[in-house]
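Peer 1: To start, I am sharing the structure in question, which I have written as structure tokens.
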Amino acid sequence: MKKFLKVWSVLTIICMTVVVFGGALVTKTGSADGCGNSWPLCNGQLVRLTDVTPEKLIEFMHRMTTGISSIFVIVLAICAWIYMKNRRETKPLAIIAVLFLIIQALMGMAAVVWGQNPYIMALHFGISIICYASIVLLALMIFEVDRKFDARNLVMGTKLRINIYALTIYTYLAVYTGALVRHEKASMAVPVWPFENGHFIMPTSVQDYVQYFHRLAAFILIVWLLYVTWLVFRDYRRYRVLTFSMVLSLVFIALQAVTGALSVYTGVNLYIALAHSLIITMLFALLCYLCLLASRSKSNRLRIK
């Protein structure tokens, strides 16, 4: 059973990665209306080879991969619930994975049938990364990563725990601003990075405000991550799981900043934009794992005593 769970969890992560990619691809290519206003089929029927368009194919493939991924997520949640029922995080994570998967699908359906509001659709990506993070956490528990890094003896102080919780919430909000940039079509509102023509110019449109706000949010996120990394290396250097996680988070945020800048300089190159979406998804999952470790800190302290 354990071997099956390991293989299935990896396959589920791969499937959900494809879904995240697919959703970003739909947005980047403007394929959201590729299947008309019917759901789950395209214009009420399966796609026929005689009337295939790139937009229709992208949208239909996204719907199909979402459906396949739903099966993987539900099976993983049920099996983890049964096999790891003694782990206190298992049931909440399984519920979150399935619940947010359903919410994600319903939001996608609503956008197709009743139209797309950019502020609501920006939440669609946020919902998907919560589902993704919960699946990654289940997989890490299945692979017993805690034992390999001796995370069961990890004890965090209040200051670090609060920073990790707050940073994760803030990262989610920063992700929302990035999704809003896409859905408000503000990617090229300020065509030079970090400011317009190298100088700060007062925004004059909604798109300008959205773009500037996202860049400010990203800058704060980078500074905050650097601060938390400094805290970890100052006070918790002996815990490999923390030092490794923070170094990895800095790698992710550096790649995120680079792909963000390149997205502007390349006129939103499709592959760079997709990488930009995937990197922040992985960073958020990593921060959620740190939240999981932080939530265990008190019980670890009592157990060690």
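Including glycine, each Cβ sits where the backbone N, Cα and C put it.
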Peer 1: For K85 and R238, give whether Swiss-Prot records them on the same side of the membrane.
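Peer 2: Yes - Swiss-Prot names the same topological domain for K85 as for R238.
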Peer 1: Compared by Cα position, which of the recorded positions E59, H62, H124 is the closest one to C42 (disulfide bond)?
Peer 2: E59
Peer 1: Going by DSSP, is H124 (heme o binding site) sitting in a helix, a strand, or coil?
Peer 2: helix
Peer 1: Could you please provide the mean pLDDT value for the topological domain 'Extracellular' (182-212)?
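Peer 2: Mean pLDDT across the topological domain 'Extracellular' (182-212) comes out at 76.
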Peer 1: Which of the three DSSP-derived classes (helix, strand, coil) applies to H62 (heme o binding site)?
Peer 2: helix
Peer 1: Using other CB atoms within 10 angstroms as the count, which residue among the binding-site residues H62, H124 scores least?
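Peer 2: Minimum Cβ neighbour count within 10 Å, taken over the binding-site residues H62, H124, occurs at H124.
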